[in-house]
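Quick look at what TrEMBL annotates:
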DOMAIN    70-116  domain 'F-box'
REGION    21-46  region 'Disordered'
REPEAT    466-508  repeat 'ARM'
REPEAT    507-549  repeat 'ARM'
REPEAT    548-593  repeat 'ARM'
REPEAT    592-623  repeat 'ARM'
REPEAT    638-680  repeat 'ARM'
REPEAT    679-724  repeat 'ARM'
REPEAT    723-765  repeat 'ARM'
Amino acid sequence: MQELIGRVGIPPSRVGLVAMSRRVRRRTSQSRDKEKVAVSPPYAEAPDHCEIPRPGGCCCGGGGGGGAAGVDWTALPDDTVVQIFSRLNYRDRASLASTCRSWRRLGSSPSLWTSLDLRAHRCDPDIAAGLAGRCAHLRRLRFHGSSSASALIYLQARGLREIAGDCCREITDATLSVLAARHEALESLQIGPDPCMRITSDAVRHIAMCCTRLRRLRLSGIREVHGEAINALAKHCPQLAELAFLDCGLIDEGALEKVVSLRFLSVAGSRNLKWSTASLSWSNLPSLVAMDVSRTDVSASAVLKLLSTSKTLKVLCALNCAVFEEEWSYNSTACRKTKGKLLLAQFSNVFSGVASFFKGYGYVVREQSIFAEWRSLLNEDKNLSDIMSWLEWILSHSLLRVAESNPNGMDGFWLRQGAALLLSLVKSFQEDVQERAATGLAIFVVTDDENATVEPARAEAVMQNGGIPLLLELARSSQEGVQSEAAKAIANLSVNSKVAKAVADEGGIRILANLARSSNRVVAEEAAGGLWNLSVGEEHKAAIADAGGVKALVNLIFKWTSGVDGVLERAAGALANLAADDKCSVEIAMAGGVRALVTLARTCKVEGVQEQAARALANLAAHGDSNSNNAAVGQEEGALEALVQLTFSQNEGVRQEAAGALWNLSFDDRNREAIALAGGVEALVALAHACANASQGLQERAAGALWGLSVSEANSIAIGREGGVAPLIALARSDAEDVHETAAGALWNLAFNSGNALRIIEEGGVPALVHLCSSSGSKMARFMAALALAYMFDGRMDEVALVGSSLEGRWKSVNFDGARRMALKHIEAFVLTFSDPQVFSMAASSSAPAALAQVADAARIQEAGHLRCSAAEIGRYIAMLRNPSSVLRACAAFALLQFTIPGGRHAAHHASLLQKAGAARVLRAAAAATTAPIEAKICARIVLRNLEHHQLEAST
């Protein structure tokens with residue numbers, strides 16, 4: 001039987017992202033799994049001295065050493081050790097502190113534990129209690145998730161001054177109230193940017209009553225902020241200078257007038273505000289210097305009133321305010337009324353406005369570098385420094401929110417100044433501003449999440465503004481939160497091929513490969529996403545392998561075995577792209593990638609991971625004879641069974657990739673039979689039945705897998721008995737040429753068996769094959785359809801047709817003579833489409849090789865060179881050369897011409913089979929027959945010439 005050796009059928013270098021949300025994860029909606037924070041063992045388990053391996057392989061115990069032989073780490077001054085600790089993440093710090101009592105003492109130094117970022121870790125009460133001994137001097141804390149918020153009280157860090165939490169959608173009044181009650185020294189509390197839908201005004205009131213030293217309060221997504229809560233803030237928090245109620249449903253505008261200490265106010269994204277009341281009340285705030293009303297329905301009249309009547313207001317930010325922008329465009333006198341004030345809006349030049357604002361205070365600055373230089377200018381101007389710090393924060397927040405919502409008509413803003421603003425904010429000294437700016441860069445370039453569409457102009461604007469070196473430098477930060485957001489931005493931008501090249505040229509591949517080894521799962525996940533996107537480019541695959549990316553990606557799968565679908569999907573997706581490269585596929589196998597991917601296919605229940613694992617296995621198996629990966633995948637325990645089971649998935653992408661993997665694996669003889677033993681025939685027939693209305697890709701792979709299995713005579717018979725003929729005929733009627741080819745190839749294989757040939761006729765396959773033979777845009781589909789029809793009517797089926805099948809029930813009534821005539825008519829027409837009467841006449845009257853070569857070149861179907869026929873099939877074509885039907889004789893000669901043309905992948909193999917079968921005599925007879933059509937004669941002569949060519953090559 002024939003098989004399509006080396007025809008992968010899987011696009012080898014797809015981006016691999018089904019939806020952008022799988023690559024661009026917005027913190028407003030993404031919940032991340034956590035890992036536990038490492039806690040050092042008690043003192044009793046720590047040795048007195050460190051035992052750290054020297055470069056030479058020995059260990060230094062308590063002294064001596066130094067020099068070239070090694071470093072005595074225990075001899076380092078305490079201050080130096082503390083500095084080393086300060087540059088480590090918490091996990092590494094705790095691990096290093098456990099090496100000896102001396103370092104444990106230094107690792108618990110108060111200076112190392114003034115700030116704690118738990119966002120990348122799962123923080124439950126036990127973990128928090130384990131950290132409590134180090135948190136007596138803790139001043140700043142960041143956490144992730146509502147469950148972590150409930151555990152923070154176990155840190156016993158009563159001296160906390162700042163708390164910031166994200167992804168706290170489920171946080172309740174009770175949790176927030178207890179948090180406030182246990183940390184009365186709080187000066188800053190920030191919960192967001194995710195909406196805190198379960199927080200009410202009661203929690204705000206409790207915060208005010210407990211945290212009387214509060215200077216800053218930022219809360220997102222509260223449904224209502226009543227006057228009672230705001231009055232409590234005014235009464236109990238006399239130092240409250242900054243208040244942000246972001247994306248809130250309802251705010252008592254009038255009550256805010258009582259918070260007389262307010263200097264900075266943000267209501268960005270909040271709804272249902274009464275702007276007439278707000279503009280009147282807020283204008284009376286005696287200390288208010290800056291306000292943010294971005295993403296609201298504020299009116300131009302309200303903005304003008306605030307700017308013109310407030311005696312202290314200097315800065316007003318109103319980004320993405322549609323009503324305001326429309327009204328402002330019709331008010332030609334508005335600009336004159338804002339003189340001396342800084343108004344930031346979509347239509348204004350932010351850089352120019354901020355620079356002009358500085359000039360009003362006597363500072364000369366360059367517009368484009370204002371955000372990078374302001375700190376050095378304002379060493380002694382605290383008021384202006386506070387304004388700029390606040391401005392960075394609200395700009396990063398608003399730009400991120402605008403990028404997430406992706407409103408229409410923003411291209412001009414992003415290209416004119418938005419991209420440059422985000423890049424400027426990336427340089428901020430405020431870590432959360434850096435993170436949001438990097439996330440904004442990751443998101444604003446994405447214009448269609450579902451189709452993973454990155455807007456080229458936006459991505460290139462980042463590149464042209466020097467964004468790639470800047471983001472790569474950010475990715476080298478010691479702060480893991482910054483690392484992850486920078487890696488995310490690099491990943492998304494790298495969807496654009498020009499940016500991907502810039503990332504590679506700037507050394508970004510090695511940086512991402514290093515980050516993929518991070519012990520922080522979120523960092524590793526985003527880095528794997530970057531390698532996934534970069535691996536789309538053929539020119540980057542080798543560089544990823546050289547940077548150790550293959551090993552890092554494989555290790556990620558072994559390291560994060562379950563419950564972390566994001567990192568597993570990205571790692572598997574990157575490996576799938578890399579596996580399309582022959583050398584990389586070998587390296588993947590050497591690194592243990594086959595076992596890792598099979599483990600995912602067997603055990604992971606997440607559809608995105610299953611899809612990428614199956615795609616990776618498909619591409620690993622796609623290299624034919626160039627390496628042994630096809631056999632290796634098949635021999636891995638449970639691999640074939642897992643892929644067969646994945647064909648029953650509810651997810652079409654999983655079914656498609658699993659079928660593609662089985663198709664590629666079926667090119668190996670042992671795999672082919674093992675797939676059948678694993679239930680592959682039944683599964684793939686069921687899949688073919690179910691994919692009538694599925695995507696072209698799934699249809700192609702389902703038919704392709706059956707094609708691959710049907711190379712075996714036993715499998716071919718089993719496919720027929722399982723009812724595989726009918727769905728293949730249905731797929732042959734597809735509008736897609738790729739589906740034509742695989743369905744025609746499968747039916748061609750099945751038709752070799754007389755029982756299957758009869759089934760094809762009974763199921764209405766002749767009209768479907770005739771249609772393919774005459775109408776498909778694919779020469780290969782037309783060719784294989786013609787060969788299938790030739791098998792069906794070369795006489796071998798006649799006895800079966802007369803007798804029928806007593807074992808399989810009653811056959812349908814079919815007009816076999818009519819079907820035969822129809823088939824032969826279209827086979828003849830197909831062969832004639834490759835026949836130029838004038839060229840054939842010249843070849844018939846001349847013995848010159850050039851004339852035959854001209855015919856062969858015109859008749860050649862390039863893809864047919866990938867087909868490999870068995871001895872039985874070659875024998876059947878030889879027998880067909882003697883068939884009474886002149887049409888079948890011409891068809892057989894035409895087929896043998898295709899199979900023996902020099903340069904075809906299996907041409908030498910076919911020539912050898914023909915010579916062993918004594919075909920030369922039959923071919924000479926066919927070429928000399930006076931009653932044979934000219935096509936049969938000329939094609940037979942060309943085949944004889946091909947045999948001579950291969951014989952000559954074999955002898956040299």
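Heads up, the Cβ atoms here are built off N, Cα and C, so glycines get one too.
Because the structure is a prediction, the values reported are computed rather than measured.
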Determine how many residues of the domain 'F-box' (70-116) DSSP places in helix, in strand and in coil.
31 helix, 2 strand, 14 coil
Count the residues of the repeat 'ARM' (723-765) that DSSP assigns to helix (H, G, I), to strand (E, B) and to coil, and report the three numbers in that order.
33 helix, 0 strand, 10 coil
DSSP-assigned states of the repeat 'ARM' (507-549) in counts, ordered helix, strand, coil
32 helix, 0 strand, 11 coil
Secondary structure tally of the repeat 'ARM' (592-623) (DSSP, helix then strand then coil)
25 helix, 0 strand, 7 coil
